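J.: Okay, here's the structure, questions in a sec.
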Amino acid sequence: MSQQHTLPVTLPAALSQEPLKTVSPPPNTQQEHTKQPTPLPAPCQEVPSELPVEDPSKHKEKHTTPVKGVPEQEHELQQQQDSQEQELHLGQQQQQQEYQEQELHLGQQQQQQEYQEQELHLGQQQQQEYQEQELHLGQHQQQTSQEQKLHLGQQQQHQESQEQKLHLEQQQQEPQKQELHLGQQEAQEEELHLKQQQQECQKEEVHLEQQQQECQKEEVHLEQQQQECQKEEVHLEQQQQECQKEEVHLEQQQQECQKEEVHLEQQQQECQKEEVHLEQQQQETQELQQHQGAGILEQKLHQEKAQSEQQLKGQLDWEEKLLDQQLEQELAKRDEQLGKKEEQLLEPSEQQEGLLEQPTLVPAPSQLHENQAAQVPKGEVLLPIEQQRQQEVQWPVKHK
């Protein structure tokens with residue numbers, strides 16, 4: 001006799017609570033059973049089930065697997081599908097049981113009752129297991145939700161702790177940053193202060209260099225002024241020498257004028273001599289007229305006298321004009337030179353008074369005249385320039 005695996009048949013609670021109904025077998029089967037009595041099974045013999053029945057432990061494991069990371073709706077749908085599968089499975093089992101019950105009903109009623117009791121016991125046990133599975137699933141879901149909540153809480157606490165740590169670190173770093181910032185500001189301010197001091201020192205050095213340059217320029221300017229003063233002194237000496245030369249030239253001109261006057265006097269004396277000679281000639285002519293024809297001699301004498309007088313007048317006029325022109329030219333040149341010299345003498349004296357603290361002594365025109373008067377030889381009186389000019393202009397007129 002081959003070994004057969006006996007599997008417990010689970011019944012729903014509704015079937016287990018309802019009273020079992022006796023099903024009358026069909027008439028054909030009754031006749032067959034009456035004709036051929038079937039041997040009843042032993043009381044302890046188990047009826048093998050032809051249909052495969054799922055292991056409840058596997059079904060339990062299937063329902064006890066924790067669903068992690070699945071939403072609650074999906075989990076409920078899965079539970080509904082599992083319950084539907086269980087109902088279908090139970091329906092199949094119920095049909096099989098009814099068929100077996102019909103077969104077993106033909107047996108002993110006692111065995112049927114025992115079998116029903118077993119089925120009831122199995123149904124109750126299965127119901128208890130199902131309830132336990134539901135409780136286990138609820139507990140598991142509750143535990144998973146609690147674990148998730150705890151995990152989320154722990155994560156939040158961890159994040160909050162990390163944020164607090166970061167905040168504390170930032171708070172701790174802020175005074176350090178402030179100290180660094182203050183140190184940097186102080187260092188920058190010190191650098192700026194040092195730069196400003198360096199710039200001020202450079203400005204002072206530049207100012208000192210400028211002052212030194214100005215002092216050097218002033219020294220050079222003073223040296224130039226001294227050189228100019230020396231040049232002016234040399235120029236004044238040269239002007240004095242030129243004045244002396246001009247005075248000598250004027251003296252020479254005066255001497256020449258005196259010579260010309262002497263020459264004119266000599267010419268006048270010659271003219272007088274010629275007049276005397278003419279008078280003598282006239283007397284002689286008169287005497288000749290007395291001896292010879294008076295008319296012819298008088299005409300000749302008159303002609304000769306007129307010619308000689310014209311010649312003398314022409315010479316005198318020409319000489320006077322030359323003298324006048326020479327005197328006018330010399331006087332104009334002399335006036336120009338004296339005016340320029342006076343201006344040149346006055347300009348350096350005014351410039352020296354404005355530039356130098358100790359003005360150089362410039363001889364005034366009165367001092368020049370005094371020096372000139374001192375240089376004139378004894379016995380001669382030096383007249384003023386205007387009187388000399390008037391005398392020079394009037395002198396040739398007197399001698400006409």
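Heads up, residue numbers simply count up from 1 along the chain you see.
Note that Cβ sites are derived from N, Cα and C of the backbone, with glycine treated the same way.
Not my notes, these are from Swiss-Prot:
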type     : residues : note
COMPBIAS : 78-159   : compositional bias 'Low complexity'
COMPBIAS : 169-186  : compositional bias 'Low complexity'
COMPBIAS : 279-292  : compositional bias 'Low complexity'
COMPBIAS : 333-344  : compositional bias 'Basic and acidic residues'
COMPBIAS : 346-358  : compositional bias 'Low complexity'
REGION   : 1-196    : region 'Disordered'
REGION   : 273-312  : region 'Disordered'
REGION   : 333-381  : region 'Disordered'
J.: Using DSSP, tally how many residues of the compositional bias 'Basic and acidic residues' (333-344) sit in helix, strand and coil.
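T.: Counting residues by DSSP class gives 12 helix, 0 strand, 0 coil.
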J.: Going by DSSP assignments with H, G and I as helix and E and B as strand, what are the residue counts for the region 'Disordered' (273-312)?
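T.: In the region 'Disordered' (273-312), the DSSP-based counts are 38 helix, 0 strand, 2 coil.
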J.: In the compositional bias 'Low complexity' (78-159), how many residues does DSSP put in helix, strand and coil?
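T.: Result for the compositional bias 'Low complexity' (78-159), in helix, strand, coil order: 79 helix, 0 strand, 3 coil.
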J.: When secondary structure is assigned with DSSP, how many helix, strand and coil residues does the compositional bias 'Low complexity' (169-186) contain?
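T.: Taking each residue of the compositional bias 'Low complexity' (169-186) in turn, the totals are 18 helix, 0 strand, 0 coil.
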